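A quick write-up on the structure given underneath.
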Amino acid sequence: MVQFYSPNRRTVNRHIITVTADNLDAQGQGVARHQGKTIFVAGLLPGEQAQVQLTEEKRQFAKAKLVKRLSDSPYRVNPRCPHFGVCGGCQQQHVAPDLQRESKASVLEHLIRRETGVTVSAKPVILGPEYGYRRRARLGLHYQIKQRQLVIGFRQNQSNELVAIKECPVLRPELEQLLQPLSQCLNSLKAVKRLGHVELVLADNGPLMILRHLDPLKREDKEKLGTFSVQHNVAVYLAADETSLESLNELPEPWYQVDGLKLVFSPRDFIQVNDQVNQQMVAQAIEWLDLQPNDNVLDLFCGMGNFTLPIGRIVQSVVGVEGVATLVANGQYNAKINNLDNISFCHENLEADIHHQPWAKLGFNKVLLDPARAGAVGVMSHIVELVPEKVVYVSCNPTTLARDSKILLEAGYQIISVRMLDMFPHTGHLESMALFSR
């Protein structure tokens with residue numbers, strides 16, 4: 001038998017070492033140093049000393065698991081959730097909120113400085129409630145044959161297994177209180193073994209639920225779901241596949257308010273998870289853009305108008321460009337019901353060649369963009385060609401924000417302000433926004 005060897009394979013030295021963390025990374029892992037190498041340790045806070053065991057070793061860094069904590073940081077707090085440490089939803093409930101925000105802001109500042117050479121402050125942080133903030137969640141469903149029970153919950157940390165969730169303090173209370181009765185309802189269905197997942201969403205006009213089912217539901221099951229809907233005042237939608245949606249109720253369309261405007265959305269549409277931070281984020285963008293009645297504004301990756309509509313109330317015209325057709329349709333509808341006839345929405349793929357797209361032939365003096373995690377490298381050169389006075393970049397990935405910032409800086413723009421958005425407390429997610437000006 002031929003055997004193959006990898007000469008570059010690094011053997012992990014699994015003996016126990018003692019380290020002291022001096023920092024946190026964005027994921028909430030303790031950052032320590034040992035013999036010149038950076039060691040990342042989940043569960044360790046700055047100032048804490050611990051015995052750890054290496055689990056992965058690279059040339060420049062290593063990962064380790066906590067064996068025994070030898071001291072406690074004053075920033076260590078008791079997690080509110082009984083599932084913390086097993087559930088993969090939150091990683092930082094053991095960390096005082098002030099330290100969470102400080103660490104994320106420092107990571108953002110470091111990434112921008114490393115990529116652009118510019119020193120910025122990402123504070124003051126835009127923040128909201130530490131718990132009870134999440135107005136949208138997707139829960140997995142798995143039928144356990146031996147236990148004859150459907151598990152409803154989130155994925156375990158670093159695993160595909162589900163944690164049965166009975167409570168979740170980061171959810172809005174209106175959604176958290178649905179968890180146990182929803183579990184009872186779904187376990188009573190004939191189709192209990194053929195359910196995929198469930199999404200809970202809190203609109204301003206009430207909660208809604210989307211149930212993904214793998215086989216057509218019997219009338220008896222629909223009646224049980226209808227009873228659940230009435231008893232708990234929740235709109236129920238059934239999804240037989242990834243595109244179809246059947247409403248069990250004759251209830252009004254879901255909507256939320258931003259900047260005093262009503263935005264109607266489809267149950268599956270993307271909306272910002274944290275309402276309070278979203279309100280502040282929109283207000284900050286409007287302030288930074290210094291909007292005037294004669295402005296012509298471009299809103300890229302605009303969704304259904306979360307920024308577009310509030311901007312449209314102030315300026316001469318605004319064009320929103322979005323790649324998802326349903327979001328564009330909802331944006332157009334929202335502009336109509338809010339009597340904003342100076343807003344245009346374009347359905348275009350911003351990851352394709354944009355130069356032949358109709359909006360690209362127009363002139364704008366101010367630009368806002370809110371791309372997905374991949375960033376906006378495909379449109380940055382065109383933004384530079386527009387020569388706008390101000391650019392506001394909203395980001396869910398600090399790495400791509402830092403990368404794309406470089407293009408604006410090389411074109412003569414300056415970073416005027418940066419803010420870290422604490423959109424997802426107790427998690428490693430880092431949202432931010434930046435203002436650029438010529």
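Glycine too: its Cβ is placed from the backbone N, Cα and C atoms.
Keep in mind that this is a model prediction, so the values were computed, not measured.
The feature domain 'TRAM' is assigned by Swiss-Prot to 9-68.
Per Swiss-Prot, the feature [4Fe-4S] cluster binding site maps to C81, C87, C90, C168; the stated evidence is sequence analysis. Note on C90 ([4Fe-4S] cluster binding site): other Cβ atoms within 10 Å of its Cβ, all shown chains, come to 24.
Residues or ranges marked as S-adenosyl-L-methionine binding site in Swiss-Prot: Q272, F301, N306, E322, N349, D370. Its Cβ placed at the centre, F301 (S-adenosyl-L-methionine binding site) has 20 other Cβ atoms within 10 Å.
Within 10 Å of the C-beta of C396 (active site, nucleophile) there are 18 other C-beta atoms, taking all protein chains into account. Sequence annotations record features per position, and here Swiss-Prot assigns active site, nucleophile to C396.
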Revision key, fill the gap. Summed over the domain 'TRAM' (9-68), the DSSP helix, strand and coil counts are 0 helix, 38 strand, 22 coil
Exercise for review: Taking the Cβ of N349 (S-adenosyl-L-methionine binding site) as the reference point, list residues of the same chain whose Cβ is under 8 angstroms away and which are at least six residues distant in sequence.
Suggested key: G323
Review point. When you measure from the Cβ of C87 ([4Fe-4S] cluster binding site), how many other Cβ atoms are you left with inside 10 Å?
Key: 21
Practice item. Work out how many Å separate F301 (S-adenosyl-L-methionine binding site) and C168 ([4Fe-4S] cluster binding site) at their Cα atoms, rounded off. Key: 31
Revision key, fill the gap. DSSP output for C168 ([4Fe-4S] cluster binding site) maps to coil
